[in-house]
Amino acid sequence: MDSTFIIEKSVVIVSVFAITMIFAMYSTWAERKVAAFLQDRVGPNRAGWGGLLQPLADGLKLFSKEEFFPNTPNKFLFIIGPGIAMSTALMTSAVIPWGDKLHLFGKDILLQATDIDVALLYIFGVISVGVYGIMIGGWASNNKFSLMGAVRAASQMVSYEVAMGLSMIALLMMTGTLSLKEISAQQSGMNWNVFYQPVSFLIFLICAFAETNRTPFDLAECESELIGGYHTEYSSMKMGFYLFAEYANMFISSAILSILFFGGYNYPGMEWMVENAGVNTANVIGMLALFTKICGFIFFYMWVRWTIPRFRYDQLMHLGWRILIPLAIINIMVTGVCILAFK
Amino acid sequence: MSTLLIIFYFLSAITIATAFLTIISKNPIHSAIYLVICFFSVAGHYLLFNAQFLAIVHIIVYSGAIMVLFLFTIMLMNLNKEGEPHKKWATKLAAVISFGLICFVMLAVFIKAMPVIAAYKQTGQDFQSIKVLGKVLLNEYMVPFEFASVLLLVAMIGTVLLSKKEKSVQ
Amino acid sequence: MSTTIQNISLSGRKKEVSHKEMSFLESLYLVAIVKGLWITIRHFFRKKVTIHYPEQVRQMSPVYRGQHMLKRDEQGRENCTACGLCALSCPAEAITMKAAERKADEKHLYREEKYAEIYEINMLRCIFCGLCEEACPKDAIYLTTSKVLVPSNYEREDFIFGKDKLVMPLEMAMKNAQLKNAN
């Protein structure tokens, strides 16, 4: 391990971290703007041009709020809950390839924190651990509504993980690898997986909505029944961490969706650009293409949030266990038959 | 001491400490959380062996699924500290004796076991790669692998049958 | 169909609720979701209805009716003669008054020989219909274009406005007189 390697990786890691944070921050702004526009309003427009400083103002407000503790015997767990939620939300970005590579200072720099062999499994692992933040926080709040929210979130996430994993298997049968880098590279030149696996994409999309606790599956925090769900008792920046983690999760799941199904950093005419404009230019455009796709998915999340009403809990479980899982299994079988037939 | 060794001692300390805390702590939620930490440190041990696949599957299955369901049930059961009944002396004695016996057997086994590093052949093959792992599982160990999956299927069908409502007798 | 009251559509938009079985395509809800998304995205590009308040101000209607005011004439004398027609016309019975006779040394204060010693409007009862303004024979009471109808307060008693709050300030009457002379 030489020092240049460490410096290179540190720069990549810090920038990935910063980008995730900035995206999560501005997602809150975008959410309010999109919500306003879909409802014929204009949204925040006082703090800075077009309300662009609104996230900073929100953060400042959350920091300066009073820290409020409920009467709980588990102060430590109460504090560590949002911490777990936040760190699991940020951990996933380690394996995501943000671009192909850059050729700087006479060496190739991978635009990825680490390219491990089991990247997709790693993502599933982190997602499955993410539920602890919600469960521990909800339980330690010593509040029935929080506990109900936590229990709902946990059972929802555990149920949808199954369908998510099964929908992935069909895709993996085609790609033959778990490394996100290789999956991205395979989809060069509009060879996107969404055209080959539309059913798998649909299931994954629905499950991603459920895993990030977004509307129409935000039963864990539905205001009309549970006040605020698992973060009812939280205030100040601990509350902010939960909200922030939700937006970071949204960003990460958008990134995974674009990498798995929409070609990642690939864009039409990338090879031509590599030949004619150089590796660096082509790959910077590739990064921009990936971020455009991510922004598109984030917008889609918000668009759906302000269109579709919340599900009922039994409908949610029905959809997860009795529709998506059989559909995913059928999809696996059909994929297997197709692979055998066209090989 | 190499870095690896330091990490190994650190992880082992965490594993043993949390394992004991799981048994000792009075609050069932706390013991479940200690168990989760224990599982994580075991996954860390797998990573030290360079077994990435095993480590991550361990996290997904044990920490991500089984322990979540454990926590789930414990939270809903609302166990109180006073609720636990005291066991009889005879039961406690029996438990201690059986534990001691198991310890004795395991110690005997481990003392006899010799490290096989010397006999380990270097083939140059990357055994942490999932490609190799998949080929081994589905070629050499095909039958046990399929038996395991049939076992899981049977368990699943059994669960569905158990959870099904009985038809009310009219 | 018999034409009972239940079967008549008063708004002309009556729809029968149907309980027919959904087809397979409908039960997927995908079509319905896409339709919903289409509706919301059209709203995304629609003109916004927001009025940016401090910079933009909503246009008042020409018949806007704000808080009441008891008028003075050009010489600063109160117009009201306490005839009680406003109180009579008030549908909410918000106005009450007590008449008094003008003294010789009060000629500069009141225009008529009789004036309102007490004039009170209960703002919690008033509905701002403007009938008092129409009923007044002396042009004494009128409803201004003030944006604030009634300022908020803590006590119910404070919402009974007496002459101190209702009569036009003297400076305003002077200004009106100057304006009139200038024209």
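Each residue, glycine too, has its Cβ placed from N, Cα and C.
Those TrEMBL annotations? Automatic predictions, nothing curated.
Annotated features in TrEMBL:
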TRANSMEM  A:6-26  transmembrane segment
TRANSMEM  A:76-99  transmembrane segment
TRANSMEM  A:119-141  transmembrane segment
TRANSMEM  A:162-180  transmembrane segment
TRANSMEM  A:192-210  transmembrane segment
TRANSMEM  A:241-262  transmembrane segment
TRANSMEM  A:282-303  transmembrane segment
TRANSMEM  A:323-342  transmembrane segment
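Of the candidate ranges A:6-26, A:241-262, A:282-303, A:241-262 has the most C-beta pairs within less than 8 angstroms of the transmembrane segment (A:76-99). With pairs at least 6 apart in sequence, the transmembrane segment (A:119-141) and the transmembrane segment (A:241-262) have 3 or more Cβ pairs within the 8 Å limit; the two touch. Same-chain residues lying 6+ beyond the ends of the transmembrane segment (A:323-342) with a Cβ under 8 Å from its Cβ atoms: 160, 162-163, 166-167, 169-170, 173-174, 197, 199-200, 203, 206-207.
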